[in-house]
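Record features (Swiss-Prot):
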{"type": "DOMAIN", "residues": "34-177", "note": "domain 'SIS'"}
{"type": "BINDING", "residues": "Gly49, Ile50, Gly51, Lys52, Ser53, Gly54", "note": "ATP binding site"}
{"type": "SITE", "residues": "Lys52", "note": "site 'Catalytically relevant'"}
{"type": "BINDING", "residues": "68-69, His75, His81, 107-116, 141-143, Thr215, Glu267", "note": "substrate binding site"}
{"type": "BINDING", "residues": "His75", "note": "Zn(2+) binding site"}
{"type": "SITE", "residues": "Glu104", "note": "site 'Catalytically relevant'"}
{"type": "SITE", "residues": "Glu145", "note": "site 'Catalytically relevant'"}
{"type": "SITE", "residues": "His186", "note": "site 'Catalytically relevant'"}
{"type": "DOMAIN", "residues": "203-261", "note": "domain 'CBS 1'"}
{"type": "DOMAIN", "residues": "269-321", "note": "domain 'CBS 2'"}
Amino acid sequence: MSEALLNAGRQTLMLELQEASHLPERLGDDFVRAANIILHCEGKVVVSGIGKSGHIGKKIAATLASTGTPAFFVHPAEALHGDLGMIESRDVMLFISYSGGAKELDLIIPRLEDKSIALLAMTGKPTSPLGLAAKAVLDISVEREACPMHLAPTSSTVNTLMMGDALAMAVMQARGFNEEDFARSHPAGALGARLLNKVHHLMRRDDAIPQVALTASVMDAMLELSRTGLGLVAVCDDQRLVKGVFTDGDLRRWLVGGGALTTPVNEAMTVGGTTLQSQSRAIDAKEILMKRKITAAPVVDENGKLTGAINLQDFYQAGII
């Protein structure tokens with residue numbers, strides 16, 4: 001039984017991959033035309049489809065929307081009962097129907113023409129009513145479904161999904177849509193945390209900043225280390241410019257070497273040291289700490305003045321891993 005199940009699963013995947021392998025050679029003028037129509041659309045892309053095509057259509061609409069192209073899904077039946085009012089003359093409709101002969105099209109196509117709405121087709125029958133009415137046709141046809149009865153949409157839905165991805169990615173690249181643009185539409189996700197957060201969003205402020213003056217003693221710095229528990233202290237002049245850092249490691253080395261606690265900290269500190277810019281991306285700042293094998297750093301503003309402090313744990317708690 002186990003072998004039979006494995007064989008059935010493998011056969012399905014092989015058939016779907018075989019059908020999908022024909023898609024690249026089908027991309028041509030119609031694909032370019034469809035992409036350009038979407039690129040120049042001043043409104044939204046309205047995706048529609050029935051049955052399994054509708055389910056895939058929802059995903060295509062979501063992919064377009066998250067990659068820089070405003071889009072939403074409308075079910076054809078709902079469109080014919082009022083939701084056509086959502087679609088405006090500035091919009092584009094992408095209709096998905098493998099047969100290209102869905103009866104709802106008989107009523108939808110004239111309404112689109114009345115509003116001068118461009119129609120794009122994703123179909124397995126380019127010469128169907130849908131294909132003939134569309135300004136661009138994306139061919140998703142298959143020789144056979146992966147279903148052993150040749151009934152359940154399987155290979156055809158894979159082709160539909162892949163064609164939708166190809167269209168969305170081509171448009172995305174043409175728009176110059178980048179990682180930060182993507183993060184703005186995913187602010188609650190891990191990518192949003194990685195790309196949208198700046199150092200100043202995560203840093204410790206005010207009394208939580210470990211700092212001493214240049215005139216402070218090693219003892220003062222040691223007490224500040226203990227108070228804040230960050231593993232370092234920023235050593236600043238009277239203008240709050242960071243002149244160095246005094247770390248747990250500096251303290252250990254100082255004491256092992258017989259240094260006195262009354263010595264000015266500027267004689268025991270690491271001169272300069274690593275500082276992070278408050279306006280830098282948090283992910284970039286974390287990489288600096290990792291690369292330099294340190295766990296914390298002072299944060300400075302554009303003038304080099306101390307404005308905060310941060311350690312690796314602050315990044316991890318914000319989901320920047």
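Going from the start of the chain as shown, residues are counted 1 onward.
Backbone N, Cα and C define each Cβ position, glycine as well.
Within 10 Å of the Cβ of Ser53 (ATP binding site) there are 26 other Cβ atoms, across all protein chains. Apart from the site residues Gly49, Ile50, Gly51, Lys52, Ser53, Gly54, the chain places the Cβ of His55, Ile56, Gly57, Ile96, Ser97 no farther than 8 Å from the centroid of the site's Cβ atoms, the recorded ATP location. For the pair His75 (Zn(2+) binding site) and His186 (site 'Catalytically relevant'), the Cα-Cα distance reads 25 Å. Fewest Cβ neighbours within 10 Å among the recorded positions Lys52, His75, His81, Lys115, His186: that distinction goes to His81. Averaged across the domain 'SIS' (34-177), the predicted model reaches a pLDDT of 95. The separation of His186 (site 'Catalytically relevant') from Glu145 (site 'Catalytically relevant'), Cα to Cα, is 35 Å. Here Ile109 (substrate binding site) is positioned 15 angstrom away from Ile50 (ATP binding site), judged by their C-alpha atoms. Looking only at the recorded positions His81, Glu104, Ile109, Lys115, Val142, the one with its C-alpha closest to Gly54 (ATP binding site) is Glu104. Working note on the recorded positions Glu104, Glu145, Glu267: by count of other C-beta atoms within 10 Å of each C-beta, Glu145 ranks first. Among the binding-site residues Gly49, Lys52, Ser53, the residue whose Cα lies closest in space to that of Ile109 (substrate binding site) is Gly49. When the C-alpha distances from Gly49 (ATP binding site) to the recorded positions Gly68, His81, Glu104, Leu112, Glu267 are tabulated, the minimum falls on Glu104.
All protein chains shown were included, and the count of other CB atoms within 10 Å of the CB of Gly68 (substrate binding site) stands at 20. Each of the binding-site residues Gly49, Gly51, Gly54 was ranked by the number of other C-beta atoms within 10 Å, and first place falls to Gly49.
Checked against Gly68 (substrate binding site), the recorded positions Lys52, Glu104, His186 differ in C-alpha distance, with His186 being the nearest.
Residue counts of the domain 'SIS' (34-177) by helix, strand and coil are 65 helix, 23 strand, 56 coil (DSSP-based).
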